[in-house]
């Protein structure tokens, strides 16, 4: 086919380039995805759907910034100077202001922060015992009472420090006056909430502190969190994002200059920005890899032979064009997906080019080595054909056509089999629901297929033109005829006339050229063959001879069997997960932050157990004044059930083994009990003006507080709750849900339960100074409460397995509560979207890898037409995958979506190491040892120089990547694949197949 149709390279190359231009034009639509959720989480997963639904009914989980302050001297936080400096640093963060370049836009924390009615921003920190106010702290400090106040509040965070306040007032010097905001020496925060989750606001405290609060004074770190509103509409989050980036700049400067604290910090946008930064700087290793491969191809194609004709036979231009054809394949692949609106991802940007290069360069070596062997065979068979070619362009074309076509017939089927098996195997990786894995596998599949097509058309045409140049005696690169090449005019005669005049092929495909390779193994090495080539052939013969010894075969078989068994054992201990810090650049401030979390953070993210009307068996509407319903949702009254949901929450947090429940000890809240306390006419919480509108609490305003106490209570003094009067229920609940807490009332739901209520399936609106006040007898913010949540605090999770176990245990807790109470609930936490995959990761691994191996078996069976040899290839690929799995634990590589798709790729790449050998072994004749020897002579040097070394060089550049994800999951894993592949393909297979063929002789 090539002789008749492929002899037109100057037409084929432009046609392929047109296809490349059309496909690559899609790159103008390029868009890089950096959102961690969109990279790592499937939109079809239950946890993602619940995350979206949570945002719809409660508002998305708040945006958060966090600082961890650790004294540089290693001492405790219970020192005046340390407390004072921590307040200063936290105020630096809270006072960050973003200003646009033209000064037209200014954004402060007050503009974006989460706050209840009439309160300040929510900043959760233990120094809220001083309301995070430097003025308050210095006032206590002046009288030497700052440490005493701090310890008093630690023991009683929900009340005012009355005794100390009396002492302070008695000690006031002339002219001093307590600030109005600390008139009763409050312990409550500036936004009205008690700071009683000590293990959340402090870090590095001794064991036993949760049962002996005195030990919290020995803590070694402050942990402060700044909460901001989050919106489903990304445009509404832009002000927060701008502020967060200014926060990061400010904290970097503060970290560099602070002499008291080691400061570790995080902003909501941090992970996305760091991934984005890495995406911008990630193409350097790719470019370097391609440059190194061009150099290696230029030298390695001729097996590092430096003769006086080097620049005639060097194929530097051909090698360069071969690499460029791979670049065209990568650009076309990405361009095609960009045409369809798929976003590019960092892993695709860095790994798909490497993968394409590693596979594509293999094919370049195999094709050129095949052409070299065929040309040498042809020179031995018909040396007269190569005399005087510089005067016979037609003969050059026909000889070149014959060499290329026979080379393609010789090695092309193996390349096709390997490429097809790899492409089909990679395609199964796209079954993974994780977006980054799905699109990586899909693009890798497409890249291999496109690369094969380009190499079989454009690159083959380039090789044809290059071979013509070589036969004309022209230098590579400059294409000028070498002056040292003497014209060899053939003697006159019929052979000369035929070479000069005939339009038919000089060498028929029916002539004895095709089997020349078989005779080549018995023919002395050509004088033109380098000494290195002769040495390599001798080494192959010696190696094949060594493998014929029975003791060697026995050792090889037993050694590989032992390795397989050890790998299976190691697989069983494989860890699961993907630590977030591994996706960060190596110089990122986030690395230190994540390390500090592991050391100092004692608690994890909040966990919400959600009750929703209409969910599963739940009714479409709750009668919340019905005693039979109240008994399920309260804990402070006699009517409350032993297994009410709030009681269970309290048991999970404070009476269970936290290594089992994964819930941190601490105060748990019941909104129904607090609601009753809020509307109770005996409390100071609920007051309305003459028009029935709620009068909010304002801390720090004694005159206002006095006047507010004279307003009417929301319910008449004769009313006893529960129950709450039905006609007032929704208006009172709306007041409660947005009310701030204070020293006169600790039941304000706005301070404690923000983001935990849904009315008429919508979130409670954000309340500000322009929001109309809720009045009695109105419907408030809606007609019914349709969802609410109970919050507990998760444990710190130093390992990925802790995260996974926490998720599983909380799912079980939700199931148990649903079964026990008859109320179906679901559980949500911010991190769960990342860990749902681990519920089925082992089953998914078996399924996807099994499908890929089955596909390899089918493809090789269709190609070879022999079930036995196809089964050998599939089982060898399986063994390579098992070895890789076994080595993952020692190499600190975890089982996750990335490693699964890499294992699928390992199965595909394994075909390269064993498929070529099996094909030539199947074609050979004789005993098992003879066939193994013949096959090794055909493929060993090509596998070593054309497959193994090219992959090692290409992959080595990944060590320069700035992320541990690439170093672990690509460099380490792929290097293991290459090592295991060459050992299985070139050591185990020759021994195994020869032993099977000669099984009788072996025993």
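Note: Cβ is positioned from N, Cα and C throughout, glycine not excepted.
Keep in mind it's a predicted model, so treat the numbers as computed, not measured.
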530-550, 551-571, 572-592, 593-613 - the range that TrEMBL marks as transmembrane segment: 551-571
216-240, 241-265, 316-340, 466-490 - the one TrEMBL records as transmembrane segment: 316-340
Top Cβ-contact partner of the transmembrane segment (408-431) among 316-340, 551-571, 900-922, 942-961, 973-997 (pairs under 8 Å): 900-922
Contact between the transmembrane segment (346-370) and the transmembrane segment (551-571) (3 or more Cβ pairs under 8 Å, separation 6+): no
Range from 316-340, 437-465, 900-922, 942-961 with most C-beta pairs under 8 A to the transmembrane segment (973-997): 900-922
Per-residue pLDDT averaged over the domain 'SSD' (282-465), given as an integer: 84
